[in-house]
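Below you'll find the structure, written out as structure tokens, and then a few comments.
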Amino acid sequence: MTHRNSRQDTKELKPIADIAATIGLSEDDIEAYGRYKAKVRLEAISRFHSRPDASLILVSAMTPTPAGEGKTTVSIGLAQALARLGKATIAALREPSLGPVFGMKGGATGGGLSRVHPVDDINLHFTNDFAAVESAHNLLSAIVDNSVYHDNILNIDPRKVTWRRVLDMNDRFLRNIVIGLGGSVNGVPRETGFDIVPSSEIMAILCLSRSYRELKEKIRRILVGFTYDDSPVMAGDLKVEGAVTALLKYALLPNLVQTTENVPAIIHGGPFANIAQGTSSILGTDLALRLADYVVTEAGFGFDLGAEKFFDIVAPYGGLNPRIVVLVATVRALKYHAGIAQADLDRSNPRAAVLGMANLRKHYQNIDKFHVSCVIALNRFSSDTDEEINAVVRAAENEGMNIAPCDIFRLGGEGGLELAEKTLELLAGTSCGYRRLYEWNQPVEDKIFTVASEIYGAVSIDYQPLARRNLDLINKYGFDKLPVCIAKTQQSLSDNPGLLGLPRDFIVTVREIRIASGAGFLIPITGEILRMPGLSKRPAAYSIDIDDSGNITGVGSPGGISSLS
């Protein structure tokens, strides 16, 4: 029995064993989760380790509108276009979080004729990786509080416990809570809160680990709090790294699915880019690089967030070598950054589209700082006019930018052929080897300022008192050699979501700096960024339903826009 794509009847899904066979994986190399998705065994990954790397294509974007610019859709469509040109290609993407799926942006599996399948399964639980991360994280939380409750032999100061709890849902009411109420039998009262699962350090660690040994070692190094005399307390001090790792046994294995055009896709891990590193697992990406000639991966939000972190954190840790950046832009986003109200973005306005290119230009120039080539993917929406598309293409080409319009949502791989050909052309003339923006052994303040000034355009940094105290502890205990993973709004190049276009002469405010010693980076938290989102007035949950036959509706993202872009 064949399975028809519930969203588009033009393609049939193939059994996952058939998809695996196209990239050299046998049925013994995978563990099937139903008929159309599977985990890839670690033994299979080891078997292909000696193969040469494929060309790694990183998809990023200009500063997005609140609805996103279709970066996941473009990533999938580009992979399909490369496959149409006869290139062995795999898409390596992140898993959706339930928070955005039920929140403002909806599903995260692409759109139109450029999706990953099975859509509903991937958006809702998938292979339970997020549930495993949530359980592992909260086990450590429970063990920390249990240690304080029972004799507190580690001398943990409850006021200085830094390890919060997580939930894979948008819920502003859990950001700040008090636990341990109801008398001594119910624990030691203290203030804490919940973050969303994609911001969990366990998620970051999972996406930066290649083996159970490495995973367990990183978990052992997690900082959970401080003692009464300000000495750090690590997860290893609690002797619980083995139990936490055990919960992640299957979550470490990459997931294999397929696109609308039956191109293999490895979907694994899901850290957000505004509050974490924002890319899929290095294990999944490395596997894809061994099994294909071209790998298309994405980094969340604009280039200032996910892509910067990819170059400065993920690629060095993973030994990855991105050779080209595909920078997604839309006429809608260009008009938005020219000051056009969201309600008027569907009205034709070529002049505004060109005026908004200041934001796009900044991202394009930033890419050059990492010594990699770039092509702009002008992702077409149904509301775009030919006049607008042509005006943007002319303006970009007049400035010497590489640009290719694409209609990937409507046409699938066919709509991305020009983009694929331009990408291959640039790859043919590109040498390997990118350059990091800063060295990890620089002072923490220098690393933060380098990113803020070079990538965002800030003129200085304002450290709040808590951040200053954090810096003292970071330097005292030797965490200062870690890279910085700056948490910042995705809606602006600055830390103020209201500053659109190309902000100038602004100061970035650092409220605090969290230590993610297990994952191996520091998290300066800027502006008003939150690690637990809230639901909008009209969340996507209101549009999701299931009928008597079990058919789910409303999960696919509106307009095909990824909730992770």
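Here the Cβ of each residue, glycine as well, is placed from N, Cα and C on the backbone.
Feature annotations, courtesy of Swiss-Prot:
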- T65, P66, A67, G68, E69, G70, K71, T72: ATP binding site (BINDING)
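A sphere of 10 angstroms centred on the C-beta of G70 (ATP binding site) encloses 33 other C-beta atoms. Comparing local CB density within 10 A for the binding-site residues A67, E69, K71, the maximum falls on K71.
According to DSSP, T72 (ATP binding site) is assigned to a helical segment.
In the structure as shown, the Cβ atom of G68 (ATP binding site) sits within 10 Å of 30 other Cβ atoms.
The Cβ neighbour count for T72 (ATP binding site), using a 10 Å radius over every protein chain in view, is 32.
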